Ligand code: PGA
């Protein structure tokens, strides 16, 4: 496919920070993609180039190269940019610039092939020979209480989540919206309106005194739903994002002014997993704690999810697979910086029997690419924040649309 034009511009994300949006044109179609940004980033993520510098480099060096070539496949396009960058962590062109072009190219190619984006991704992921049309929507993991780096409160854990158990996405989404509303009303009564705000991912931020208190609140509402409907409608889960409360010099974690050794933190997690019947726990330890992850991964009945540990990076993932550090993987395309490499990581995890969870970032745009990515990968779950605020809702609205399309197939 030949491109007839290409632009990269600056827009603002949900934290009102500058980010990139790319638009590619072929003879008959055009397609855009914009890039989110993380706050609780690991040390192994692709380099993020300052947006102004990225636009400059694009106009000076990249654009004419792209317009002079014919790219048959996604991999050709992505590999061309990776080679042009020529560094290990995409520090010359920026992971953000390369990814914006890579995702826009995927949308353009899907249009040219007359495919839904999730179908296009699914074909790339499986290869045409093993093609199986996507038949389900991944479980939405709604982050309804925010802490850690995403909120100004005392909670060390970053995300307190609910996962609806409904068989259709539409019903689960509806139930999550009701849950979220009821949670807001309860918090209003307990803390007063002026004490409540929203964190970066649209979950509530309030002066809870401990992680336990936040889980307690979710458990109470979840039980009310149980009494009303007669079935367990929600599982609880959590992203501890332990990097953000790890004190490297002491090899200790700080929770509620108390310092925990890795062994003590293990016991703390164990207590929470059992008390609140957690179905998943993400980043229970810091980004290099492969063996602490392996120990907690022996717990039955709970998915241990790796994010900062693996950083959507094949070599980090291989280390985690070899040490059996987790059994579920967060997929964040901007941690690695191109669609083709994201798919490579997903394939590797899938082959090793891990579950996949496609994730947004805390600074988001209204781009809904990850909804199609999650469906195209037949992921177990998708993390896109609270069922509120436009940049989170855009992903859920696209999933509603996809559910309708799939049900007609
Ligand atoms: P981050 O967190 O984008 O700030 O790194 C995202 C997440 O894990 O949900």
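Any Cβ shown, glycine's included, is placed from N, Cα and C.
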Item to check | Site-mate of 332, 361, 362, 383 for (2R)-2-phosphoglycerate in TrEMBL, selected among 74, 158 | outcome: 158
Item to check | Record-annotated Mg(2+) site (TrEMBL): member among 263, 264, 282 besides 239, 307 | outcome: 282
Checklist entry - Which one of 156, 159 goes with 150, 282, 307, 359, 360, 361, 362, 383 at the substrate site, as TrEMBL has it? => result 159
Item to check | Candidates 307, 359, 361, 383 (binding-site residues) with Cα within 10 Å of residue 158 ((2R)-2-phosphoglycerate binding site) | outcome: none
Item to check | For (2R)-2-phosphoglycerate: widest Cα to Cα gap among 158, 332, 361, 362, 383 in Å | outcome: 17
Next on the checklist: Looking at the recorded positions listed here (201, 239, 307, 332), whose Cα lies nearest to that of residue 359 (substrate binding site)?
Outcome noted: 332
Item to check | the domain 'Enolase N-terminal' (3-121): DSSP-derived helix, strand, coil residue counts | outcome: 52 helix, 23 strand, 44 coil
Checklist entry - How many Å separate the Cα atoms of residue 201 (active site, proton donor) and residue 307 (Mg(2+) binding site)? => result 17
Checklist entry - How big is the gap, in Å, between the Cα of residue 150 (substrate binding site) and that of residue 307 (Mg(2+) binding site), rounded to a whole number? => result 16
Checklist outcome for this item: If we take the Cα of residue 282 (substrate binding site) and draw a 10 Å sphere, the binding-site residues of 239, 307, 332 inside it are 239, 307
